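*Asks:* According to TrEMBL, the active site, proton acceptor annotation covers B:K209. Annotation comment: TrEMBL describes B:G53, B:W55, B:D116, B:D132, B:D169 as S-adenosyl-L-methionine binding site. Look at TrEMBL and you will find B:21-252 tagged as domain 'Ribosomal RNA methyltransferase FtsJ'. Annotation comment: TrEMBL describes B:263-290, B:356-375 as region 'Disordered'.
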Amino acid sequence: MQHETHQLPVTAVAFSGQDDILLTGEGNYLCAYDSGDKKLLAKQLTFRAQAIHGIILCEDSPSTGVIWGGFLTRRFHLDRSGSGFSITLGEVFSTDDWILDAALDPGSSVLALLTAHNALWISIPHTDDDNGLHDRLVPGSNCILYSAHIRWLSDSSCLIASGTAFGDIIVWSTAPTQSSGKWSAQSQIHYTFPAHAGSIFGVQISPWVHFPSSKNKKIVLASCSDDRNIKLWDISDLSAASPGLAQVVHETGFSTTPGGSGNASPPLLARTMGHISRIWHVRFGINGTATTLNSLLSFGEDASSITWSLTAASKPTTLPYVLNEDHVVAAHAGKNIWAVDITADGAVATGGADGAMALSPSPEPIRESEIPRALLGPGGDSFKAYGFVGRNALLATTEQGRVALLDLSSAESTASTIIAEPLPELRGYSVVECTAGLAFIAGTNGNLYSYVHGCRQLYKVTELTGKAAGLFAAHRASGGFALLVTSVVQHSALLLLLPDISAANEERLPSTQLALALPAGFTVTSFATVTVKGVSYSILGARNGYIALFSFDGNQSDTVRLVLIRESVHGKEAVTALHCVPTDFEDEHTYTVSTGRDGTLAIHRLSIACDSVELYLVHQLTLPFGPNIEAIYLTPSGGLWVWGFKSKHFTVYDVVAQREIMSVDCGGAHRNCAFQPSEGGGTFIWTKASKVYRMTQTALPYELLNSGGHGREIKSVAVTTLDRGRQIVATGAEDTNIKLWETVVESGFKCLHTLRKHNTGIQHLQWSTDGTYLVSSGGFEEFYVWKISSGLPYIDLGVICESKHPRSGSSDLRIMGFDLPESLAGSFEISMAYSDSTLKCWRYMDKSWQLLASADYLTACLMDVKSAHGDGTAVLTTATDGNIVRWVSSDGQQDRQLQWISRHKIHQNAIHAVTSINLTDGSRLLMTGGDDNAIAFSRISEEVKTLLIPRAHAAAVTGLAIVPIDEAKFWLVSTGIDQRVKLWEVKVNIAKAGVEGIEVKMLQDVFTAVADVSGLEVCKLEGGALGVLVCGVGMYLWGVPEERGIGAIRGQFDVDLYRPLLDLEAPEVKNNAAW
Amino acid sequence: MGKSSKDKRDAYYRLAKEQGWRARSAFKLLQLDEEFDLFEGVTRVVDLCAAPGSWSQVLSRVLIQGERIGRAAWEDKRYNEILRLREAGEIPGPSAEDEGPPATEPRQDVKIVAIDLQPMSPLEGITCLKADITHPSTIPLLLKALDSEYDSSSTSIEASHPVDLVLSDGAPDVTGLHDLDIYIQSQLLWAALNLALCVLKPGGRFVAKIFRVKDVDILYAQLKVVFESVIVSKPRSSRASSVEAFIVCSNFRPPPGFKASLDNPLGSATKLNSSDTAVSRPPEPTRRVRDDGITELDLGLDNLDLVQMNTRWIAPFLACGDLSAFDADASHKLPEGHVSLDPVQPPTAPPYRQALEERKKQGGAYGKTKLGDLR
Ligand SMILES: C[S@@+](CC[C@H](N)C(=O)[O-])C[C@H]1O[C@@H](n2cnc3c(N)ncnc32)[C@H](O)[C@@H]1O
């Protein structure tokens, strides 16, 4: 089987100084990306069955380097020839222990490796006149280390920090030397000290560096731990030294006694606490040329990386230095950043458990600044309402009734122009609505003004009958603007139609005015217009979650008609923004996009045919922030941005790219704020405690590569039926999310949507046969029916949760598995397997649910259920007790009776995987994979006969899938927690009784870098070949070989299949000296 | 999760509290014993990674107090009841498994030593040591605890009075980086085995927690060198969704001339080497019809260990605990009048406790303060 593409935790990253290449370790693949255009340049298989845990590059020749992982290490070379790019690999070397760190000497020939038992290995490649070396020079101790760092201080000696599992740090040095052809190393211990209250997860030694307010250069040690502390130690003084490691071994590891034979602690320079969970590592940011230590970077389990700056402490009583939290990047989903690299100019790359890499340019902290009130004119005036009328042009009304234009183009000094001196009707009350180049202003007495930015002038539009409550402006496709004016008192609103205005000669702008009767209780919160087949429509959103559609011809005031009203569009929450997709003349339908304070983005299809107007919901998903979503913006490059508030932050999010654009800590949701989007972010203005602040972001805080992965392990995977057009993969994970993917081998997995509705980890997912419904189950009896459609504007695939099972959330039972047998479109008979041993059967149709039958098995948790055909049974279930159970159902008058008739103990323990095929004689072959390492083939007719392979895998079998070949033969693909994927040939001779005619042969056995495998599915690759998708901690797609290709090894056992295992994975078998 | 809902989610959690066990793990040992008769003729035991001490409690009650703890302690009575009802529509009687008061026969010369990193509340008759099992200095500590005459200045690291059974339930704090966690767990297993090699008498048994994951077959192959029988077993009280299982190694038979070594302990670096086995082609697949009617297919893959020179071998798997035992994965209805009890032992303080406290002092809820403000 052949590797096609993957989405795996990124466990190593490194910048290659050359050509802006970013190298990553993804499982056992070394990948090279162009950090400019984010394209994958090359991927190279490195170790046969071991993930990469570290990458370093030679300082003097950045196209060569070293990778390591587990016990293994290997050198590599990057070759760029013209447009091609490739990675060539050196020999694989194995140490005898887990490698924690590796470092090349300044000459890039001697590689020092440190293992988890504090042993130092030296590896030197052989050349024409040197045999090279790969050996352990410093023997280890018996205490286990969680972290280590090697720093070469000169050509011949390295300084090493070793962090133990129990909070101690050992600082020692060693000098590997060669004399008369033999290598040896003298080592000395400088410090052994209790550093933290928990395991030391990260240590880092700086080179000699300059330090704030200190004349001398220092060597600093940074450490981080389970105890959530980050500490900085001054280890410049290396004069204290006790020889050899051997005797301290007994002292270290656990309960070091301070003042024992180890040395005293080095001076503690600074300490801080950071991150909400474990801190995995710390790195120094060292300015390349100046060799000053200017920052520290920490990252960890909370999937964020924090940049700390170092300053001298002001208070003399505390530690000499203070670490200040400069900024936090939270670019990864879920848990864990595993790897980081940092360039000399401060750019940072992080690799996450979600499979993504985040690239942050050198951080330039953007700070908020206050917009001084003095700009509003004399007399201590203050801001009332404001909005953007153009890029960097903020129009504001004031408390005293002024209208001012603020020029925000310079970040430091803001300039202003007073457009209008105090107007009495704007004093103390004004509403402002801004669109590009135009603003509308109304006050207490009914005068409606328009500000035209083109001529920096204020015009009067009309006199309203009372005080305006709200103004809502929208562009009209036919040209000009529509302005909806709502009033405080009446159940009616005024619709004004205005031509395009750039400059007007008259005092008063021309407008058409139409009256619009609002339904009772309809408080307008959003507004949009659209024209379909020459008829204009206004769409209004309300505070109570309603939307209403009005049509008008455009000229006479008597023809505004309410054509449609729809409740609960955003639950009972306000519809905050509306946008209509402009139509071409022939179009009979269009789409409306809306956001609400229910935290969702919704898309409706508006279809208009012969007088009947219909609005169908085609998409509605909860956004990853909220619930106060406030606005929609279409970017010039096809992005769909929404923004709003999430606890104390203002957040801008791109729905198409599924990423955060900008986030501002503004203290909470604000009624008074304005945002002007621009490339890379925008300018956010907000009022807080009667002061107005601004924050401008001009570049994205980070770029993402390979984003979209789950934050936790995948628990279930389902692929739409192979013979249908477009193939969509659905995955459900422990992070409670469901994701929809398209697999494009070239560019990897593309996440189309993230469905956030479950409150528990996903247990099971299944598609309807036609691929229009996806059904999901989880804990708390959560069970949802999703409807999927395609061809939508902006987002292509539309997803709505059509219904949830009436008992969703009502108990703490888990729905472990279910089956949706084929039925009429949109109607299903769903069998559900529960964690309390009950089986229930429901009919679902048109959002209504009917319980057909319910019955108990025994006391074991049911694992899955499969509908049966033809053999008289209704369904088959599997359970944690290793049984497959047959159930029958009988239709009574009132209700259906469900009862199990026989159970068959196939496995010793839980059955984790099940799949089946129907044989031509009407019997059924059920394949099960168990916790007991076994795969079973059970032929089910009147009786059940089983063929069992007890040691099919070395650990639990968790995934099975079928590759059909012909009537008498198929392939079975199996996978499990042992991280192997096996391909089996199964021949079935139905003429023979029971399982006598079933022959099974193993064809292939390959490693998968996906840990905690939970399932696998067969899918179609581009070009029609079949693939196998393995899911767990990440995803991995294999191409299934053609039957011809596999013919070569079929029928014979191939020892060579296993030969590489001997060479690479198993450390050599050594004779124990003590024997 | 509320206390009561955890009781429902996990029957063994509730039972442990009701029966006075310090941890639900007690049932894992009890169910392993039910299958393997671990305590038969046993008087001297070492319990590694023992805190909070439920395994030691089991040892104390079985060996010192001479209690017999039967299946009734963890039986889901509904199981047999439902089956009986199905069969004849009979009125359910009391569970056949219900035993009278357990017979007590305290054993003579019982010696139990428990070791853990974490402090453990004392248990009568059990020597508790606070030590790291991966650390070599623990060996003399253990030998001293087993034999008061042991001369700690001697270089001998072999027990003069070896023990019958070595248990280890050690588990590291997992990081989520799967292969690292697997490695660390294997190191704990090696450490436990090294201690066992020093103190176990020939023919003795070794039972240890193992993660059934990638490369577990390498560990099995190594254990098989020093024990006649190696079986991996999963008690019903261990969740099917967890990779945890227990390796039950019987009949310790150190290779001739074997001496446990402090300087060269077994571990990833030093491997046991068995007599060379020729690389042979695996035999043809064979079929065998078992008593229960299931046809077992031996693909000859078992002999792969020959091909792989004993570096990989898949130990036979055996689930233990009767099917009538509570299912650790199932949701349960709470018995009528159920009162949720407090755990027998409060959890030990994590290393970040101080961090939590400091943060609280700095102002309210977790994460409210800018972290950099702390010093
Ligand atoms: C699952 S608990 C054991 C539960 C115990 N068998 C009982 O029944 O109460 C795992 C224990 O392993 C201990 N442990 C982990 N690493 C250790 C080490 N290196 N040395 C000693 N104990 C260790 C932990 O402190 C923890 O108490």
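Yeah, the Cβs are placed from backbone N, Cα and C, and that goes for glycine too.
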*Asks:* I'd like to know the mean pLDDT over the domain 'Ribosomal RNA methyltransferase FtsJ' (B:21-252).
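*Replies:* Looking only at the domain 'Ribosomal RNA methyltransferase FtsJ' (B:21-252), pLDDT averages out to 89.
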*Asks:* Would you mind sorting out which recorded positions among B:G53, B:W55, B:D116, B:D132, B:D169, B:K209 put a C-beta under 6 angstroms from ligand 1?
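*Replies:* B:G53, B:W55, B:D116, B:D132, B:D169, in sequence order.
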*Asks:* At the level of the C-alpha atoms, what whole-angstrom distance separates B:D169 (S-adenosyl-L-methionine binding site) and B:K209 (active site, proton acceptor)?
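*Replies:* On Cα coordinates alone, these residues lie 5 Å apart.
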*Asks:* From the recorded positions B:G53, B:W55, B:D116, B:D169, B:K209, keep only those with a C-beta under 8 angstroms from any C-beta in chain A, and list them in sequence order.
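*Replies:* From B:G53, B:W55, B:D116, B:D169, B:K209, flagged as close to A: nothing.
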*Asks:* Can you name the residues of this chain that are 6 or more positions from B:K209 (active site, proton acceptor) yet have a C-beta less than 8 Å from its C-beta?
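*Replies:* Counting only residues 6 or more apart in sequence, the Cβ neighbours of B:K209 (active site, proton acceptor) under 8 Å are B:C49, B:S168, B:D169, B:G170, B:A171, B:Q185, B:L189, B:E244, B:A245, B:F246, B:I247.
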*Asks:* Quick one: give me the count of other CB atoms within 10 A of the CB of B:G53 (S-adenosyl-L-methionine binding site).
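*Replies:* By my count, 27.
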*Asks:* For B:W55 (S-adenosyl-L-methionine binding site), which residues of its chain lie six or more apart in sequence with Cβ-Cβ distance below 8 Å?
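*Replies:* Within the chain, B:W55 (S-adenosyl-L-methionine binding site) has Cβ neighbours under 8 Å at B:S25, B:A26, B:L29, B:D47, B:A114, B:L167, B:D169.
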*Asks:* When DSSP is mapped onto helix/strand/coil, what comes out for B:G53 (S-adenosyl-L-methionine binding site)?
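*Replies:* Looking at the DSSP assignment, B:G53 (S-adenosyl-L-methionine binding site) belongs to neither helix nor strand, so coil.
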*Asks:* For B:D132 (S-adenosyl-L-methionine binding site), which residues in the same chain are close in space, meaning a Cβ under 8 Å from its Cβ, but six or more apart along the sequence?
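*Replies:* Once residues fewer than 6 apart are set aside, B:D132 (S-adenosyl-L-methionine binding site) is near B:L117, B:T138.
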*Asks:* Considering each pair of residues in B:G53, B:W55, B:D116, B:D132, B:D169, all listed as binding S-adenosyl-L-methionine, report the largest CA to CA distance in Å, no decimals.
*Replies:* 18
*Asks:* Using a Cβ-Cβ cut-off under 8 angstroms and a sequence gap of six or more, which residues of the chain neighbour B:D116 (S-adenosyl-L-methionine binding site)?
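*Replies:* Counting only residues 6 or more apart in sequence, the Cβ neighbours of B:D116 (S-adenosyl-L-methionine binding site) under 8 Å are B:L48, B:C49, B:A50, B:A51, B:C128, B:L129, B:K130, B:A131.
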